[in-house]
Amino acid sequence: MASAVLLFFVLMVMSVRDGKSEKSLFNLKCESAVGVISQNTNIPCSIESQKKPVSINTVVLKRLGQKKPCFVYQPHENTITGDTRFKVLGGSSLQLQNTAISDEGEYEYHIRTSLGEDLIKFTISVTAKYNNPVITSVPEKIEKNGRAELHCTASGGYPAGTIHWFDQSNTNWTKSASLDITRGDDGLHTLSSTLRFQSFDTLWAPFKCIVLNNKYQEEGRSSFILERKDVSETTVGNNTMTNTIAGVVVIGSLVAGLLVALLCRQRRVQHPLPSEPQYDEEKEGLEGSVYKETADGRQDFSV
Ligand SMILES: *[C@@H]1O[C@H](CO)[C@@H](O)[C@H](O)[C@H]1NC(C)=O
């Protein structure tokens, strides 16, 4: 009786071992992938086994929590179903083309090979780099010791990042700023940070705004070029200058015109008997109004 129990036990252990040994014939391993939006994302995978070569019969990819596979590949029949942006690269590695934010998540990778099958999970995360930040101020021209607001905006990034502020002496002003994060229809984020001053000291400028991604790595920076109110006054001065110049030009051209008119008159005085062809020449050169002038001129002669 005892031997029968022992035999049963040994058989059980063997069968468990059998199953295990079949499984350990090969091992599928995948690294989690970080993709960049609208680019290709590689998911490096490998089959580890003592026996070689291993031939793949079926690849099935499912998003975690979904019943239907998002991608199925059967190399022997050379058939692909599902999302055609997925590709099996050499061996068991995968590639996802034209990565989108919606591709983010956990996946289940089921592989069937000549050595049996295995299942593994991996995650895809997606990133997009923020555009260079743009700084604006309210008011546009800042008065010394006046109220001011600095705005720094960076768009087109993913996932949500943050904005830090530093002044000319690298003093960290971030704690005084308020950050607003909005998500567009495309899933991309816009970061807007506002720094408010009751009394702005122009010596603090230029302010720097630094955009950091969700891993606190810098993605871009901008410096705020201060426009001062008193600077704008010199611009007004410049305007006066241009006005003066314009006045000089107008008066100058008037004087020149008068001189030309005088010269013409003098010519006529030198030729008191203008002949027909001369009239035609003048008519061609000056057009229309000449007749009247010549008429006036004649009147002058008669005086
Ligand atoms: C600036 O201040 C922010 C908010 O307090 C902080 O998270 C950040 O690490 C500081 N940066 C530096 C360079 O000290």
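We count from 1, first residue shown onward.
Yeah, the Cβs are placed from backbone N, Cα and C, and that goes for glycine too.
Per TrEMBL, these features apply:
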type	residues	note
SIGNAL	1-21	signal peptide
DOMAIN	133-232	domain 'Ig-like'
TRANSMEM	245-264	transmembrane segment
REGION	274-303	region 'Disordered'
COMPBIAS	293-303	compositional bias 'Basic and acidic residues'
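Averaged over the domain 'Ig-like' (133-232), the predicted model has a pLDDT of 93. Here the domain 'Ig-like' (133-232) is broken down by DSSP into helix, strand and coil counts: 10 helix, 51 strand, 39 coil.
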